[in-house]
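Just below is one structure, and these are the notes that go with it.
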Amino acid sequence: MSSAFEVRGGQRLSGEIIPQGAKNEALQIISAVLLTPEKVVIHNIPDILDVNLMIELLGDMGVKLNRISRSVCEFQADEVDFEYMHSPEFKKKTGKLRGSVMFAGPLLARFGKAFIPKPGGDKIGRRRLDTHIIGFEKLGAKFVYETGDNYFRLESEQLKGAYMLLDEPSVTGTANIVMAAVMAKGTTTIYNAACEPYLQQLCKMLNGMGAKISGVGSNLLTIEGVTYLGGCEHTMLPDMIEIGSFIGLAAMTQSEITIKNAGIQHLGIIPEKFQQLGIQMEFRGDDIYIPSQEQYEIQTFIDGSILTISDHPWPGFTPDLLSIVLVVATQAKGSVLVHQKMFESRLFFVDKLIDMGAQIILCDPHRAAVIGLNRTHELRGITMTSPDIRAGVSLLIAALSAEGKSTIHNIDQIDRGYQYIDERLRNLGADIKRV
Ligand SMILES: CC(=O)N[C@H]1[C@@H](OP(=O)(O)OP(=O)(O)OC[C@H]2O[C@@H](n3ccc(=O)[nH]c3=O)[C@H](O)[C@@H]2O)O[C@H](CO)[C@@H](O)[C@@H]1O
Ligand SMILES: C=C(OP(=O)(O)O)C(=O)O
C-alpha cells in the first residue's frame, strides 16, 4: 500500500456518502467473540487496517474465521492457542493497535489467564491502563508487570463479582472489565463506567449471548455473572466519528453532502457541536443533509463570550472529533477555543494548519484558540505528515479546501480508521490520489 495522498484542493464536492461501521465499536465486539466456543456472526465490519489486524490476530490465536464478505465475518473461538500469545510476533502485532488490549477481559473470564503486551494506537499523550488492571484486580485477578518487555500477565482461577468505582470512565477499560465480569461468580457493580454507544452495543451483544447486564447506557452497570455464553449475531452502528468528519468536510469545502443512514439517535451531542460552529444541517429520516454554505458563523455563549468546545466522557463531546472541529473553525466567521482535556499531545498538528495560513494560537498542549478566516483567503496546499488518525483526516479536509496541491504522508494513520477514503471522496468529486 502506498504511503501518501496527493490532493488538489478547492473543488466543491457533492453527493451521498454512507458511513462505515464504527471502528471503536468493532474493536470491542471482535474481542468479545473470545467469550464463547460457539459461532458469532458480525455484520457491518469496517474494512480498515486496525480492524483487519484484530481479525488477523484472532486467526493467529487459533480462532476459526470465515470472512463471508468484507463486511461480514463469522468467528468461532472453540480453541485458543495460548503458546502463540508468548511469541514475539504476537507482541509485535498487538503493539500496532490499541484495541488488542481488550483481548484480556474475555480471556481472563473464560480461561483464567491473559497477557497484555504494551498496546499501540495513537501517540497522543499518556494512555495508561490503570483502570483496566485495577478493575481486573477487584475481580480477584493477580497481575505481574514484566518491566523488561512491558508485558502484563494476569491470572485467576475464578473471578468473583465485586463493587468498583472506576477512577475515570475509560472506554476500553470499561469494555475490558465488563467482558471479564460477565462470567465472574456473583454480582459486579461498575460505577463511573464509560457509556459510549460502543459500550451500549457491546452490552447488547453480551446480553444476546446470555449475559445479565443492566444499567446499559448509564454510568452504573450491574452484571450478574453467568457460567456460559453462547453464540450470537451482531451488527455494528454507523461510525459516529466518520459522520462528524463528513459534516466538517462538507462545511470546510462548501459542499452539499448527504450522509446516508447516520444512526442519528446514537449521535448524542455531536450534531449540536457542529451547529454551534454555524454549520446548517437537516435531518431527513435517518440521513443528514448538509447544504452548501458560503459562510458559517460560530455562535457565542449566551452572555456573548467566546465559545469553548471541549471533550468530555459520553454523553459529552468525544475527543476524537475535536481535531475536526478545530480545522472547520479555521474558515468560520468568529472565534472558538478548542480545549482538549483528555489527551496531552493531540493538538500539535495545528502547526501544519498555521503553515497553510490558518490563524491559530496554541495556548498550551491542551488549548488552541482559532480565529476564523471567514474565507478572506483560502488555506494554501503544503506537504505534511499525518501525526494521528483524527489529525490526519483533519489535514486531509484542510487540503481538500486549500488552494493548490497538498501531499499528506504517513497515511496508514488514516487508513487504520477510514475505509476506502480516497475512493469514497473521489465519488463526491474530490481530486485525491494515492502516490
Ligand atoms: C480503541 C478506542 O476505543 N479508542 C478510544 C478510547 O481510547 P481509550 O479507551 O484508550 O481511552 P480512555 O477512555 O481510557 O481515556 C483516554 C484518555 O483520557 C483520559 N481521561 C479519560 C476519562 C476522563 O474522564 N478523563 C480523562 O482525562 C485518560 O486518562 C486517557 O489519557 O477512548 C478515547 C476517549 O474517548 C478515544 O479517544 C479513543 O479513540
Ligand atoms: C485515538 C483513536 O484511536 P486508538 O484509540 O485506536 O488510538 C481514535 O479512534 O481517534
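The backbone N, Cα and C atoms fix where each Cβ goes, and this holds for glycine too.
Look at TrEMBL and you will find D122 tagged as active site, proton donor. Other Cβ atoms within 10 Å of the Cβ of D122 (active site, proton donor), summed over all protein chains shown, number 21. According to DSSP, D122 (active site, proton donor) is assigned to coil rather than to any helix or strand.
Residues or ranges marked as phosphoenolpyruvate binding site in TrEMBL: K23, N24. Sequence-distant neighbours of N24 (phosphoenolpyruvate binding site) (same chain, 6+ residues apart, CB-CB distance under 8 A): G99, V171, E196, Y198, I241, D320. When secondary structure is read from DSSP and collapsed to three states, N24 (phosphoenolpyruvate binding site) falls in the helix class.
In this view, D320 (UDP-N-acetyl-alpha-D-glucosamine binding site) is surrounded by 24 other Cβ atoms within 10 Å of its Cβ, with every protein chain counted. Taken residue by residue with DSSP, D320 (UDP-N-acetyl-alpha-D-glucosamine binding site) is part of a helix. The UDP-N-acetyl-alpha-D-glucosamine binding site feature in TrEMBL is assigned to R98, D320, M342.
TrEMBL lists 7-424 with the feature domain 'Enolpyruvate transferase'.
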K23 (phosphoenolpyruvate binding site) versus R98 (UDP-N-acetyl-alpha-D-glucosamine binding site) - Cα distance in angstrom:
11
How big is the gap, in Å, between the Cα of K23 (phosphoenolpyruvate binding site) and that of D122 (active site, proton donor), rounded to a whole number?
14
Once the chains shown are all counted, how many other Cβ atoms turn up within 10 Å of the Cβ of K23 (phosphoenolpyruvate binding site)?
25
Distance between D122 (active site, proton donor) and M342 (UDP-N-acetyl-alpha-D-glucosamine binding site) at the Cα atoms, whole Å?
13
Near ligand 1, which of the recorded positions K23, R98, D122 have CB less than 6 Å from any of its atoms?
R98
